[in-house]
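In what follows, a structure is listed as structure tokens, so that the remarks can point back to it.
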């Protein structure tokens with residue numbers, strides 16, 4: 001009888017949690033004027049921002065001000081800049097099509113084997129978080145394997161087969177931009193059509209009635225084709241993040257071709273960003289529980305962003321160093337390396353502490369002692385009361401989002417490797433600061449709505465968001 005009652009209680013908890021998360025998770029049901037204005041701005045100007053950055057490097061040696069000055073003074077017209085921009089080519093289209101197809105094959109048809117011989121790595125078939133409609137999707141986690149296979153073939157070609165030049169990505173960078181844009185818009189448009197006419201799960205769709213908002217933020221929560229092809233997991237990791245390290249390697253090869261050497265700054269960028277990429281794939285199963293998978297719907301924001309914004313703007317440091325090679329003194333190089341490694345350590349250990357605390361329900365040790373926490377309660381929509389724990393120990397006692405602090409330290413290290421001659425390589429730290437600060441505020445607004453006065457107790461115990469003593 002007791003077991004039966006416990007089962008009923010657990011079922012009621014599961015159902016009410018689904019109802020509760022349906023009101024809290026994902027994007028909005030209704031669109032306010034500020035959100036709509038922001039959406040329209042991004043739809044109109046985000047592609048132009050990417051083009052402007054890449055064009056500035058190609059035609060103005062990475063100066064962000066010279067194109068504007070030329071246009072304002074009449075030295076050049078928009079048509080002059082556009083006419084000098086490389087166009088879409090059959091070669092670039094072939095390269096990009098082959099690249100995406102190859103990543104689809106690695107994702108869909110080669111089951112993960114890395115988890116069988118790498119201790120501590122979680123791969124293979126894994127379950128994601130519960131969706132608002134109560135669905136638990138299964139995922140084929142094989143991103144690390146795809147990354148390894150891709151890079152083994154890359155180096156095999158560079159040093160043995162010589163099928164193509166290692167500079168192939170740089171040499172076709174702008175024509176490939178048009179290919180990436182085409183894929184981004186095709187995928188986003190297809191996802192919207194799919195959400196209307198043949199969604200994977202109709203109960204996990206959201207319609208606001210506003211075309212632009214639905215196109216941007218997505219309708220389907222987890223659009224899929226067949227059993228395994230998940231749009232969110234594929235497009236975020238492959239082809240975008242797998243390509244990140246290949247792009248940097250192509251930049252390094254171009255430096256070697258142009259100047260006869262690869263500078264220590266280029267090596268730093270390759271190493272530090274390579275660590276970040278490998279961390280993502282090593283923890284790909286953990287990524288299933290992050291805000292991208294658990295809250296965001298799949299629309300232009302993710303589809304176009306993963307195809308274009310991520311590979312083109314997250315790699316600006318390496319691109320800049322092709323045009324402006326920087327050889328750092330030993331002290332500066334070591335300092336930047338230490339900053340990047342400390343940032344990575346904080347990022348990884350902060351997330352590890354939170355994951356350990358959640359998995360053990362607080363029955364663990366953080367920094368050698370039992371963790372401290374605040375017991376919080378919240379009500380589901382059916383009036384059932386539930387309890388949760390918010391940790392105030394370890395890094396989480398220093399700041400409420402100290403994992404973001406580590407991420408920003410690493411981002412700053414990438415930028416510092418480029419020196420101080422131009423602002424372009426510092427776009428990444430500026431963008432990440434805005435992005436993560438906005439994410440802090442968005443997360444905390446959701447938590448305040450959920451926990452109420454208990455959240456205020458938590459913020460009193462941990463008063464800072466990112467920087468202890470400052471913010």
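Just so it is clear, glycine is given a Cβ too, placed from its N, Cα and C backbone atoms.
Where the annotation comes from TrEMBL, it is an automatic prediction and has not been curated.
Note that the structure is a prediction, hence the values are computed from the model and not measured.
Remote same-chain residues near the transmembrane segment (33-54) are listed as 64, 67, 173-174, 177, 181, 210, 212-213, 215-217, 300-301, 304, 308-309, 312-313, 316, 319, 424, 427 (criterion: CB distance under 8 Å, separation of at least six residues from the stretch ends). If you look up TrEMBL, you'll see 33-54 (among others) marked as transmembrane segment.
Only residues 6 or more beyond the boundaries of the transmembrane segment (88-110), in the same chain, are considered here, and those with a CB under 8 A from a CB of the stretch are 140, 142, 145-146, 149-150, 168, 172, 175-176, 178-180, 183, 228-229, 234, 238-239, 242-243. Marked as transmembrane segment by TrEMBL: 88-110 (among others).
Sequence annotations record features per position, and here TrEMBL assigns transmembrane segment to 144-161 (among others).
Feature annotation from TrEMBL assigns transmembrane segment to 173-193 (among others).
The transmembrane segment annotation in TrEMBL covers 233-251 (among others). Residues 99-100, 103-104, 106-107, 139, 143, 146-147, 150-151, 154, 166-170, 187, 266, 269-270, 273-274, 277, 280-281, 284, 287-288, 292-293, 302-303, 306-307, 310-311, 314-315, 318-319, 321-322 of the same chain lie 6 or more positions beyond the ends of the transmembrane segment (233-251) yet place their CB under 8 Å from a CB of it.
Long-range contacts of the transmembrane segment (258-278) within its own chain (CB-CB distance under 8 A, at least 6 residues past either end) are made by residues 144, 147, 241-242, 244-245, 248-249, 251-252, 314-315, 317-318, 321-322, 325-328, 333, 336-337, 340-341, 344, 410, 413-414, 417-419. Annotation comment: TrEMBL describes 258-278 (among others) as transmembrane segment.
Feature annotation from TrEMBL assigns transmembrane segment to 298-316 (among others).
Marked as transmembrane segment by TrEMBL: 328-347 (among others). Same-chain residues lying 6+ beyond the ends of the transmembrane segment (328-347) with a Cβ under 8 Å from its Cβ atoms: 263-265, 268, 271-272, 275-276, 279, 395, 402-403, 405-414, 416-417, 419.
With a threshold of 8 Å between CB atoms, the same-chain residues lying at least 6 positions outside the transmembrane segment (411-436) that come near it are 53, 56-57, 62-64, 265, 268-269, 272-273, 313-314, 316-317, 320-321, 324, 326, 328, 333, 336-337, 339-340, 343, 401, 404, 466. According to TrEMBL, the feature transmembrane segment maps to 411-436 (among others).
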